[in-house]
């Protein structure tokens, strides 16, 4: 965030300085002034705009990071592993024709975020597995079900599957999805071990998992809110941003 503030300050100061110089610079051309009437032809300062039809940061018409019109990682228009457009082993220059493409680096920020929120479960489309919880003590309305629950609660889940809270519009949607995927995964896993669940088991699991999903939602919502508030505080309290705001106020008042 601090680096972003420095960049914003540098960009603003550069633009302000450039505007000031443009206002003070004498107009070229005219009789016996030694200047050209067409400032775009042969100007000694060169062209400040990107050459050869590319956009900013594209020196030869390619996309960002494409120096000669190829796609990402293709410096001369060839496919991956073809440095100069030829087939495999037909590239020219000093490139090593048998080099394998470098492995992509792991984004440590993403790994840290996933570890903080919960372990991402492979094969479940972005679901995460929450931390283990104590199974709640629930009363089902009659002594037989209460006793059955106490004797079998160890067979029910103590962790829930969920997606990030920012993918849901409200708590009900989060809890509904959380309960469904958790019971489904727990039932499939347990069934493969040779153990089946009765209707009573499913009924009790729904009550237990629902309470755990509500707890998980409250925990994730608080963490998400704290993260956004912390990011905003860091951005607006950084010295470059404060200096930039002070400078803008000075320009407006002055």
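Placed from the backbone N, Cα and C atoms, the Cβ positions cover glycine too.
When the residues 28, 44 are compared with Swiss-Prot, the one annotated as hydroxyproline is 44. Taking the Cβ of residue 196 (N-linked glycosylation site) as centre and 10 Å as the limit, one finds 8 other Cβ atoms among all the protein chains shown. When Cβ atoms from all protein chains are considered, those within 10 Å of residue 178 (disulfide bond) total 24, not counting its own.
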